[in-house]
Amino acid sequence: MDKIIIQGARENNLKNIFLEIPKNQFVVFTGLSGSGKSTLAFDTLYAEGQRRYLESLSSYARQFLDKVGKPNVDKIEGLTPAIAIDQKTTSKNPRSTVGTITEIYDYLRLLFARVGEQFCPTCLEPISSMSTSDIISQICHLEENSKIIILAPIIKDKKGSFNDKLESLRLKGYVRAFVDGVMVRLDEEIHLHKTKKHTIEAVVDRVVVNNENASRIASAIEKALKESYGELEVEILQDNAPSIRKHYSEHKACFKCKMSFEELEPLSFSFNSPKGACESCLGLGTKFSLDISKILDPNTPLNQGAIKVIFGYNRSYYAQMFEGFCEYNGIDSALCFNELNKEQQDALLYGNGTEISFHFKNSPLKRPWKGIIQIAYDMFKEQKDLSDYMSEKTCSSCEGHRLKASSLSVQVAGLKMADFLTKPIEEVYHFFNDPTHFSYLNEQEKKIAEPILKEILERVFFLYDVGLGYLTLGRDARTISGGESQRIRIASQIGSGLTGVLYVLDEPSIGLHEKDTLKLINTLRNLQKKGNTLIVVEHDKETIKHADFVVDIGPKAGRHGGEVVFSGSVKELLQNNHSTALYLNGTKKIERPKFELPKEKHFLEIKNVNINNIKNLSVQIPLKQLVCITGVSGSGKSSLILQTLLPTAQTLLNHAKKTQSLNGVEIVGLEHLDKVIYLDQAPIGKTPRSNPATYTGVMDEIRILFAEQKEAKILGYSASRFSFNVKGGRCEKCQGDGDIKIEMHFLPDVLVQCDSCKGAKYNPQTLEIKVKGKSIADVLNMSVEEAYEFFAKFPKIAVKLKTLMDVGLGYITLGQNATTLSGGEAQRIKLAKELSKKDTGKTLYILDEPTTGLHFEDVNHLLQVLHSLVALGNSMLVIEHNLDIIKNADYIIDMGPDGGDKGGKVIASGTPLEVAQNCEKTQSYTGKFLALELK
């Protein structure tokens, strides 16, 4: 069958859809937000494909997998195994990196283990093997009369009880052994837990190093090397100090530094294994340590609470000691830390060994001044109590590279593992694409490296091909966006080489500049050409125009959507007269509302920005305007706005002056603002109790209205009676959740509808109180649009609902679980909440890609809302790739010219027309696409 045939799809708002989709083609689902695109693509097609696959497994295998319910559809024919690539599955694991997600790091580990050249991390000399005579010579030349124990490593960090090994050692004549670091006699009973890791070392000899014992030592060494296949340990005993362990090997050693090294294996380069992980940070690359900026305010007088850890409740002892320190060292405590000289600053922080005299509770005391940092540690013995004063910092031992020094010193083609992980993927691709880099390998090494290099090159190319050349393989997976994560997984799928699969993708163009969109489309085409069917939920013009087949769901959102308003080729679509086609063929255009910008111009100037790829940048941002920050992916937009301006401005606005600086970044013009609000795409709540009604505050007004009803007053019900978060009106069986969680132990928890309230969340008595014939549960089940009509005569409620309508969210229900909302919907709910507040006209709003998940019609709505906030005198700063927003902005700041090391600069700024006209001169990609759009 060359088609997927859907009959009677009724999931969520779908209205008994019948649809035929051609197989092995590039299919785009489009339509307004909330029209039912994702329901059809993910909740129907993907869910049924996944369910059928799971049904084919044995009942034993199924019990370990999440159960997928059958979607509400009569029949789907021609369905193939389905893979969903959405944006919600970004990793939260601090050990995940771009390299580990794509498995490129696994191949790099293999390459380094098989053909890597080892160098000593101390002297940087090449490492070579030690012979038996070298080992004997080194040990015999230890300090005269040193007491040593010569050990043969038998078992190293392995699970098991090892009774046979211990018995074998005893029969060979060994009397003692070290078991997990403790010396035991082998003729005694030894019980080892078989599920725990153990280390066993046979004691070959205990001897004093001197000339008389030279032959005895040599004999013991030969015996140990034979017993443990070329390895031995020597424990040097010391009278008044812990013993020292030295490892010797016939395999790898640095003779200059007298150090031996283990044979390389892939685990030697794994930061998730003790064999390769940095011992200081345990492979995380970062450590939590005291942050001086958090325990000390350098601009506050010392006697007015500058040192936060010693001032406050129950800390008078340290405050008195500090006064004594200042008096002894001649420091004026009315000064700020910044006003002290270097010697005084160091003494205050780290101590100077002097004894301080001071009074505490009328008693004279004398104590050494250890410095503020040591005092902080002494005050808070448990590190968790210090969490407020700590920051995550790069590990000083491995410099953030996560591996041991011995692993980081290994080289392939003159580069270390850290070099491959910190270079942009584009550079890594070009490096592996040049075979001359590996011409130094001998024939045997070339044969070993060839298949590994092929796998690395393929995978790196796919990442580069989907527009992610600016990322690094060592980039923490937690810091990549949803769009980047999705494109990484697309690249991985191409590398997998699967055919005959139905791929369902959710807006893969998110976060992608127009320059890279065609690259992405080409990559998707490659996936389709392998014999796969692609269903892409998308709003991007270019992606829609390059599709083989388009399905438009509508005509509106929510209850007014759920129908197929068009299905066919792009050519047929452009001749249609419904909403999507009208925007594509130019009949309808997104235009800004007309209002005059303020004549008096103010700017926010950010100076001395040094972060990621931005070096010593200063930039002016006009206020009381809609300003778009543009640029290709990785050019530095988020670094400038989200990582620099946002936290700095939020901190400084608490005590704003005309010019202020924080961490070297200076901001001029803050006096024109009273607050900075970042409207991100994080969920509005993490539990089923959070919903749009509670978040926007409209729920409070609705509860008050229900409490004012005559029946409610007679029964003495207050507004709290209509809350599902407190006892009184809620259903106590489910505690107002509407569902009951059943723990399934080794299976995922299951949510079942409460059989007492049937999902209504309230008890029957509360549900008897009605407004215009509707209970509180009925109201929560209404869409925003329905509720707006229902509460039209109640201004306090209607005005809040109107803001949700204004941002294009009329289709969501008031009581919709916050965890089911998309990032774009969550962001617009936050925007609606801001719209409903009393405005000061001095707010700076920062938004990151607010058009995510928005149809052209929704973008039009959003643009009106953004400009309405600017019309009130506020400033709007938007990071955006969508040309419909960019061309209607008041001002553009374009970063680039490219991503990664080739970015970090402001290459163009001005009105959209100015940026477009100067695009050839500035080499602005945004300007070039803008020029085409403004024609």
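Glycine residues also receive a Cβ, built from the backbone N, Cα and C atoms like all the rest.
Note that the structure is predicted; figures quoted are calculated from it, not measured.
Noted in Swiss-Prot for the protein shown:
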type: BINDING; residues: 31-38, 631-638; note: ATP binding site
type: DOMAIN; residues: 310-579; note: domain 'ABC transporter 1'
type: DOMAIN; residues: 599-931; note: domain 'ABC transporter 2'
type: ZN_FING; residues: 254-281; note: zinc finger
type: ZN_FING; residues: 731-757; note: zinc finger
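Here the features listed in Swiss-Prot are painted onto the structure.
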{"residue": "GLY31", "record": "ATP binding site", "Cβ neighbours (10 Å)": "30"}
{"residue": "SER33", "record": "ATP binding site", "Cβ neighbours (10 Å)": "26"}
{"residue": "SER35", "record": "ATP binding site", "Cβ neighbours (10 Å)": "29"}
{"residue": "LYS37", "record": "ATP binding site", "Cβ neighbours (10 Å)": "27"}
{"residue": "GLY631", "record": "ATP binding site", "Cβ neighbours (10 Å)": "30"}
{"residue": "SER633", "record": "ATP binding site", "Cβ neighbours (10 Å)": "25"}
{"residue": "SER635", "record": "ATP binding site", "Cβ neighbours (10 Å)": "30"}
{"residue": "LYS637", "record": "ATP binding site", "Cβ neighbours (10 Å)": "25"}
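DSSP states for the zinc finger (254-281), grouped as helix (H, G, I), strand (E, B) and coil, give 4 helix, 5 strand, 19 coil.
Confidence for the domain 'ABC transporter 2' (599-931), expressed as mean pLDDT, is 88.
DSSP classifies GLY631 (ATP binding site) as strand under the three-state reduction.
In the three-state DSSP reading, SER33 (ATP binding site) counts as coil. Under DSSP, LYS637 (ATP binding site) is assigned to a helix (H, G or I) in the three-state scheme.
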